[in-house]
């Protein structure tokens, strides 16, 4: 430790001994747990954010295409079952023609979904959603009519075998010939009743199959509507995501203050 002498106005004065310089450096470093949590948050944002990842958009497109093709197939099957129902006895279900118009709207909705997948856009999305809503409404009406035919419209099917009950022809025969003719007519009636019973079961199975197809169309319509709305929401939020990405890029280009510089404090004592 040195001591300096300073002369002021001819008077010698001793200066204070110089003190050593102390520099205190504090360095703050984030813990490994904090870095792990930040990495997990970045991974979650990468996986579940709908507007930033290409696989998510492609997956939605494949789902929409598959649902559209399924709607078309179910619509064609509904029209085919309508043709089968038109060959049966008269019922409200047959007279309404619900199998045809429900199938036609389902085909239109499926075609709209495929067009929307091939040419994405807001207008195509709105048209596809409207067609899907129309298909859902028509298929719900078809379900109501089909259930009503099972509950209340059973009379034509219960008495379908009455066509076999006819009066026996009057044939002037006697003895063995008359007995043989009567047995032949009875046998024909039994065969007719058996065939009519089979036909009644067949039309009941067709109605049950049509009801199952309608239920499947309800499920597919709801799924297609959900995928379409999610796609529309993703397209609406895409400009906001692009704006946020530009802001993040601009923020990265500017030089931010270093955390180590903020946390580092230097104390110089003279």
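Numbering starts at 1 and runs along the chain as displayed.
Note that Cβ sites are derived from N, Cα and C of the backbone, with glycine treated the same way.
As the structure is a computational prediction, the values presented were derived from the model and not from experiment.
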Quick check on the annotations: Swiss-Prot lists transmembrane segment for one of 188-208, 209-229. Which range is it? 209-229
Checking feature assignment: transmembrane segment per Swiss-Prot, candidates 43-63, 127-147, 148-168. Which range matches? 127-147
Given ranges 2-22, 65-85, the stretch to which Swiss-Prot attaches the annotation transmembrane segment: 65-85
As Swiss-Prot has it, transmembrane segment corresponds, among 95-115, 242-262, to residues 95-115
